[in-house]
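In Swiss-Prot this protein carries:
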| type | residues | note |
| --- | --- | --- |
| BINDING | Arg63, Ser64, Gly65, Asn76, Thr80, Ile81, Asp82 | substrate binding site |
Amino acid sequence: MNVQVINKSKHPLPAYATELSAGMDIRANLSEPITLAPLQRCLVPTGIYIALPQGFEAQVRPRSGLAIKKGITVLNSPGTIDADYRGEVCIILVNLSSEPFVIEDGERIAQMVIARHEQAVWQEVEVLDETERGAGGFGHTGRG
């Protein structure tokens with residue numbers, strides 16, 4: 001699939017790290033480093049603008065290494081970029097650790113997954129069909 005992209009950063013386009021990767025690493029595009037204090041959040045620019053085909057979205061997800069090693073994650077995970085959005089792709093990061101974290105220019109801060117989606121059409125009914133699970137949720141099926 002081809003996706004139109006404008007790269008206003010000085011960094012490479014988002015790229016797959018391996019042949020079978022689902023997500024492309026996306027980089028911070030900063031004029032100076034950002035220091036994220038514990039529990040602080042910020043909007044990080046990437047310098048990337050995309051035009052997705054109709055029926056697709058881009059999901060912005062955390063990078064597992066940053067999450068486990070540094071406590072840095074995408075706050076609205078997954079963030080959704082709609083096919084009709086034409087602004088700069090920016091990433092909302094939060095520092096969940098107890099230590100400050102410095103985001104450097106060019107650092108891989110998140111991953112982007114391109115996915116198909118459908119738009120639902122609501123069908124109002126009076127009663128939903130029965131299932132084995134029923135209304136059970138929030139830990140209903142076992143521990144955790």
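In case you wondered, yes, glycine gets a Cβ from its N, Cα and C as well.
Cβ neighbours within 10 Å of Arg63 (substrate binding site), excluding its own Cβ and spanning all shown chains: 21. In the three-state DSSP scheme, Arg63 (substrate binding site) falls into the coil class. Of all residue pairs in the substrate-binding list (Arg63, Ser64, Gly65, Asn76, Thr80, Ile81, Asp82), the one with the greatest Cα separation is 26 Å apart.
There are 11 other CB atoms within 10 A of the CB of Asp82 (substrate binding site), with all protein chains counted. Non-local contacts of Thr80 (substrate binding site) by the CB criterion (under 8 A, 6+ apart in sequence, same chain) comprise Glu57, Ala58, Gln59, Val60.
For the recorded site, Asn76 (substrate binding site), the DSSP three-state label reads coil. All protein chains shown were included, and the count of other CB atoms within 10 Å of the CB of Ile81 (substrate binding site) stands at 20.
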